[in-house]
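Structure first, commentary second.
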Amino acid sequence: MSAIQKNVEATSESYSASFTQGDLALPPAKKYLVLTCMDARIDPARAFGIELGDAHVIRNAGASAVDALRSIVISEQLLGTTEIVLVKHTGCGMLTFKNEDAVGIVQKNLGAEAVSELHQKVPDFLPFPKLEKAVEDDVKFLKASKLVPGSVTISGWVYEVETGKTRRVV
């Protein structure tokens, strides 16, 4: 067992020993979802004031609305969320490469067959060159989607990893 696995096991024992919130409802109590990046420097609960049971938190590389759409639809249509808070961040890795770069690394490390499978399953890594524009583009994408009702409130933000501050873009 790896050190990480041992840590998960030990932390689970400690956490579950005093856990008292097993009766929380399945739908998020505050009826919103946060879409943010998977970056390890972001702690969504602390940075955005989310208590256990309050909201859905969807995380993926770059806080991509396109990549998160399936989860967004489930959150809204099956679990009743009515607001989306999209939060990208400074210093995001998605600002540092283009699709061709990522495909080249996959080919170098995993081979041509992996690239073929990649193109079938993940046609685009969805990198972006400008942070605020990417926030605006993803908010526009969500607002234009037939899968997101017009009644859903959507806002776009940037979290600053250097300061811990979050500022509204749109």
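The backbone N, Cα and C atoms fix where each Cβ goes, glycine too.
In TrEMBL this protein carries:
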BINDING   Cys37, Asp39, His89, Cys92  Zn(2+) binding site
Residues close to Zn(2+) site centre defined by Cys37, Asp39, His89, Cys92, Cβ within 8 Å: Thr36, Met38, Arg41, Ile42, Gly62, Ala63, Lys88, Thr90, Gly91, Gly93, Met94, Tyr159, Val161
Cβ neighbours of Cys37 (Zn(2+) binding site) where a neighbour is any other Cβ within 10 Å: 23
Same chain, 6+ residues apart, C-beta under 8 Å of the C-beta of Cys92 (Zn(2+) binding site), given in sequence order: Cys37, Asp39, Gly62, Leu131
Nonlocal neighbours by CB distance (under 8 Å) for His89 (Zn(2+) binding site), same chain, sequence gap 6 or more: Thr36, Cys37, Asp39, Arg41, Ile42, Ala63, Leu131, Val158, Tyr159, Glu160, Val161
Asp39 (Zn(2+) binding site): tally of other CB atoms within 10 A of its CB: 19
